[in-house]
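Engineer: Input: one structure, supplied below.
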């Protein structure tokens, strides 16, 4: 802070005239904090300046601007009235400019500050106390945390063409934490020596609170995505995948996708007709292309780790409150284990109903051309253990076996009635075949019973 400035002159006058700040405030019709601020070099309105100078019986120009300003005014000769009027106009313009600056600070809810490189002192605009919510003698150091930096570091941080920006917090007199943003730049004298850092401060408490609330929501969303038992894929409006969760990576055997065309690195099939799905037929691609929700589909996939899985896939577009398209998401549910359990349940149900009871007929359950279940009658007829009954030719003759296999391979699904013989050719059977369709497989039930002995000539 320079010596003999406005604040120093005012304090000196009060001391010389034995006047208190309260007396001066009462005399000119202002507040004590305003007088206190003036003693520290704070801004003063033109009307208050003239009233203050009159009360202290001093020249108002000298009080505000010092000896040099008075000398400059006095040097104007009386016969140079035009120059004198111009000088007075300039002084008025300066005062008005300072008033407008102060008003602009208050309206924009900002302050300006200067940090002296040599002394380390900080001067703030007159609205700083109200801005920070503290007393005049408790203003925060706007230069923190850079006040103790070496000159080389200051040059690096504040010497760039663009102002340096940072956030800091301060506590008000009521104990409320507020957040502020500073933008400042280093300035040099005519000899290119750094002299001061000049900056502005604006309050960003609401923005900080919004950022914290958003961060909390994002963290909660991430925790939810990490824990839900379904796979999640999210994309931007161009289809670039920007969000996945662990279950999605587990289902697909990794997370190498970046764009929709990368779907072609995996394979998936429709469970309705079994055809290989194109990339454009995948639910997420369709949701982005058509910008509408896609009904849940059951598809079979080959994951990146080579495993075949069955999943339920659902996709839908994402819009904001203004109905602008933002992207899309896809939900995958792995139903592979459920499908296996359903098959097992079906087989167990058939086995319970048909194979555990004592019957006078044979029952076989065939899948993929192999016997997977057989009843006690079949065991007796074959003379083998149930565990050894895997192929039809262990029960029937080659001719009968071929005829049964031909029926199984047929695309037709009605019941077939075959007259065949056992392997030894001694007995004759009436054989019935029926197709039992399931979502994933086709089961063939073979029911046979003895109709008599084969006649030998």
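The backbone N, Cα and C atoms fix where each Cβ goes, glycine too.
When I checked TrEMBL for this same protein, it listed these features:
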- 10-63: domain 'HTH cro/C1-type' (DOMAIN)
- 164-216: domain 'PAC' (DOMAIN)
- 217-253: domain 'PAS' (DOMAIN)
Engineer: Can you tell me which parts of the same chain pack against the domain 'PAS' (217-253), counting only residues 6+ beyond its ends and a CB-CB cutoff under 8 A?
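Structural biologist: Residues 259-260, 266, 284-285, 288, 301, 303-307, 309, 311, 318, 325-334.
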Engineer: Within the domain 'PAS' (217-253), count helix residues (DSSP H, G, I), strand residues (E, B) and coil residues, in that order.
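Structural biologist: Across the domain 'PAS' (217-253), DSSP assigns the residues as follows: 18 helix, 9 strand, 10 coil.
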Engineer: Summarise the model confidence on the domain 'HTH cro/C1-type' (10-63) as a single mean pLDDT, whole number.
Structural biologist: 87
Engineer: Reported in the order helix, strand, coil, what are the DSSP residue counts of the domain 'PAC' (164-216)?
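Structural biologist: Its residues fall into 12 helix, 30 strand, 11 coil.
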